[in-house]
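Quick notes on the structure that follows.
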Amino acid sequence: MSQPHFPEVPGDFRAGFACFVGRPNTGKSTLTNALVGQKIAITSAKPQTTRHTIRGIVHRPDHQLILVDTPGLHRPRTLLGARLNDLVAATLAEVDVIGFCLPANERIGPGDRYIAEQLADIAGRTPVIALVTKADTVDRERLAQALLAVGQLGDFADIVPVSAPDDYNVATVDEVLASHLPLSSPLYPDGDITDEPEEVLVAELVREAALEGVRDELPHSLAVQVEEMAPREDRPAERPLWDVHVNLYVERDSQKAIIIGKKGARLKEIGSQARRGIEAILGTPVYLDLHVKVAKDWQRDPKQLGRLGFDFS
Ligand SMILES: Nc1nc2c(ncn2[C@@H]2O[C@H](COP(=O)(O)OP(=O)(O)OP(=O)(O)O)[C@@H](O)[C@H]2O)c(=O)[nH]1
Ligand SMILES: [Mg+2]
């Protein structure tokens, strides 16, 4: 492996941490990926897609912005939900600037006010930038209304409308966040775009594929873990192959049947979709082996939460 490379930087270089908060489904992970320029966080139309904090690193000639994408904040209904909220609160206390994501195409609701209240306590110490996301989904007039409504929600250092798919103001978001970073040399070596372990990225890609087309409680009941991944032995050097074994956990037998599908059709589809993303990350062809298991009521069981990687204490 090559040595990590920290380039020479000018004396006014800035580096530090920004975190994105917001209700579930407000576009935090999509914006993180757009800023980093590569997919490091999975996204979906299902709430609570993100379940742990993910660091994405943006490298620019005059700054390095480390983005911390967080799980959507909501009133917790399960032990998992409560732990995710605690995790976000701990993250907020540690960053240099906060990006509060509010989608342009939804009215401000109790969920947003709940977060705004939490942020008001921190705003004295840490600047909060309101990001009006999904700007492409509304016309100019509704966007103007959304900006006004957001302006009345709290005391923000700035309000920026942004659209990830249209690449509208993505660079502005980077600049505004970076202007609040302290003078510092880079914190991550050149070229690093995330500190997620490969196993986690792989498990997340499988979960993203499995989330497609399922509804009701199933998205919440789904957890994914890599059991083992390694290059297959006895392969010629120019034709490597990785064996990747992944377990999908659900909470009930009925959910297991849904994930597997008729004659295994859904599971096969999940596998082929996830495999493409995994091959892109690992840079080699992959043999992907998926197993579906039942971990009864894991969202409410401290022991099982720990085993599935949700022990943040
Ligand atoms: N049209 C449009 N859709 C967007 C934009 N940003 C996100 N979306 C969509 O909104 C949905 C939610 O996006 P995510 O990035 O997963 O949202 P999130 O805030 O990370 O959600 P959680 O992790 O569940 O808290 C996905 O279907 C995205 O494709 C945007 O700028 N424009
Ligand atoms: Mg997310």
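For all residues, glycine too, the Cβ spot is worked out from N, Cα and C.
Because TrEMBL annotations are produced automatically, they should be read as predictions rather than curated entries.
As annotated by TrEMBL, GTP binding site applies to 22-29, 69-73, 133-136. The feature domain 'Era-type G' is assigned by TrEMBL to 14-183. Residues annotated as domain 'KH type-2' in TrEMBL: 214-296. Annotated region 'G1' per TrEMBL: 22-29, in sequence order. Residues or ranges marked as region 'G2' by TrEMBL: 48-52. Residues or ranges marked as region 'G3' in TrEMBL: 69-72. Residues or ranges marked as region 'G4' by TrEMBL: 133-136.
Everything TrEMBL records as a feature, shown here on the structure.
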residue	record	Cβ within 10 Å
G22	GTP binding site	24
N25	GTP binding site	20
K28	GTP binding site	30
T70	GTP binding site	28
L73	GTP binding site	23
A135	GTP binding site	25
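Selection of the binding-site residues N25, T70, A135 by a Cβ distance under 6 Å from ligand 2 yields an empty set. With helix defined as DSSP H, G or I and strand as E or B, the region 'G4' (133-136) counts 2 helix, 1 strand, 1 coil. Among the binding-site residues listed (T70, L73, A135), none has a CB atom closer than 6 Å to any atom of ligand 1. Classification of G22 (GTP binding site) by DSSP places it within a strand.
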